[in-house]
Amino acid sequence: MTVPVNATNLRIPLDTGRDREFLDSWAELEAIGATPAGGVERQAGTAEDGQMRDWLSRWLRTRGFSVEVDPIGNLFGLLEFNPGAPYVLVGSHLDSQPRGGRFDGAYGVLAGAVAADRTRRYVTRSGFTPRYNVAVVDWFNEEGSRFKPSMMGSAVFTGTLDLEEALNTTDDDGVSVRDALAAINGIGDREVFSSTGPRQLAAYAEIHIEQGRELEKNNVTIGLVDRTWAANKYELNVVGIQGHTGATAIEDRQDALLGAALIVVALRDIADEFGEELHTSCGQLTVLPNSPVVVPREVHMHLDLRSDNDELLAAADAALRRRIAEAEIRAGVKVEHRKAHVWPGHHYQPQGVELARDAANDLGISSMLVQTRAGHDSTNMKEIVPSVMLFVPSVEGISHAEAEYTSDEDLCSGVDLLTEVVARMLDGSLDAAGAGHP
């Protein structure tokens with residue numbers, strides 16, 4: 001079987017064994033860090049993350065890729081077809097949430113690697129030289145569960161996060177990113193790509209599970225991501241006074257956990273008030289001293305607000321700040337705003353969306369426009385190079401959980417489409433698209 005003729009000269013034959021080859025590799029990859037309930041545990045910089053990276057490095061090297069790592073731990077597999085030409089970069093991330101899903105991120109890395117390798121095989125057989133080279137990437141610490149913020153590797157790569165600040169970031173046990181990467185031999189000594197160096201980028205592509213239900217509800221195989229939601233993420237410290245849960249009178253308590261609980265309830269109230277255009281969450285609470293007979297003196301909490309409407313997001317932010325002030329009075333506590341990370345919502349380049357739509361139509365794969373409410377590394381990358389973001393369906397929309405699932409059929413269809421998208425990008429189909437948002 002051969003993909004239909006497209007607007008480029010690069011056509012990637014799809015042989016009948018292509019799905020089996022991908023699925024066999026996928027079975028090896030998803031077994032690393034596997035949990036009894038069908039998920040995975042491989043947070044950034046852990047031994048399991050190191051095992052994933054080692055597996056990927058071996059897979060790439062045996063297929064002729066050169067493997068390099070940059071100073072923040074992003075791992076690249078490079079294929080040079082046209083010496084001196086820029087690269088099309090494709091990939092995602094290998095790290096996971098605690099007891100997370102096995103498809104989130106890792107699918108996109110392997111799919112990108114397979115797409116690049118299929119291109120290599122075609123170039124070797126045909127003698128055709130693409131306009132650009134191709135590289136695969138595993139972005140370090142996309143999830144942000146062990147080290148904050150999320151999308152750390154791509155943020156450093158795109159210049160929105162300082163390298164030293166990222167390397168000095170510590171987890172809850174005081175281990176720094178620098179030390180965690182060193183422990184898994186995952187830190188490089190020089191940049192792999194640079195806007196002024198010998199290696200530059202032409203475009204970026206990423207495929208990911210949807211982590212929602214739009215594709216499933218519409219019985220569609222591929223989501224063409226045209227916009228990312230904005231996100232405001234906050235770290236708060238709620239500070240009270242430690243006391244005895246039995247002896248301290250209720251009216252005398254300055255209960256940090258009560259203050260935090262009021263803020264959590266406020267988040268849900270705000271979501272209900274603003275409707276489906278706003279998502280609010282509190283995903284992590286650290287309670288001190290966390291004793292059953294002690295009124296908590298301090299709670300560290302992580303919150304986020306997300307929306308595709310900037311005005312609505314600003315209004316929700318103002319509402320949250322009012323409710324925080326009310327919680328301070330009600331609980332007799334002080335709330336310290338430690339840090340905030342803000343990601344604006346922007347459109348992906350329309351030329352990339354159309355390229356992917358045309359490729360899906362040519363392959364006979366159903367597609368539809370979708371937005372991403374979750375952050376992805378392409379959120380950062382689209383600001384510096386033309387970028388394409390694709391989704392495959394998530395059964396029941398479950399993600400960041402061990403029950404996360406995408407069918408083999410949808411996984412393989414996604415790899416086929418990504419292969420064709422990368423082929424068209426390698427032949428310059430996005431040359432007219434600029435970086436940033438329209």
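Each Cβ is built from the backbone N, Cα and C atoms, and glycine gets one as well.
Copied from Swiss-Prot, the annotated features are:
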type    : residues               : note
BINDING : Asp95, Asp104, His208  : Zn(2+) 1 binding site
BINDING : Asp104, Glu143, His400 : Zn(2+) 2 binding site
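Features per Swiss-Prot, on structure.
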residue: Asp95; record: Zn(2+) 1 binding site; CB count, 10 Å: 32
residue: Asp104; record: Zn(2+) 1 binding site; CB count, 10 Å: 28
residue: Glu143; record: Zn(2+) 2 binding site; CB count, 10 Å: 23
residue: His208; record: Zn(2+) 1 binding site; CB count, 10 Å: 28
residue: His400; record: Zn(2+) 2 binding site; CB count, 10 Å: 18
When distances run from the Cα of His400 (Zn(2+) 2 binding site) to each of the binding-site residues Asp95, Asp104, His208, the nearest one: Asp104
Check: same-chain CB within 8 A of Zn(2+) 1 site center, minus Asp95, Asp104, His208: Ser92, His93, Leu94, Ser96, Gly101, Phe103, Gly105, Ala106, Tyr107, Gly108, Glu142, Glu143, Ile209
DSSP three-state assignment for His208 (Zn(2+) 1 binding site): strand
Residue pair Glu143 (Zn(2+) 2 binding site), His208 (Zn(2+) 1 binding site) - Cα distance, angstrom, rounded: 13
Env. residues of Zn(2+) 2 site, Cβ within 8 Å of mean position of Asp104, Glu143, His400 Cβ: Ser96, Gln97, Gly100, Gly101, Gly105, Ser145, Ser399
Three-class DSSP secondary structure - Asp104 (Zn(2+) 1 binding site): coil
Assigned conformation of Glu143 (Zn(2+) 2 binding site) - DSSP reduced to three states: coil
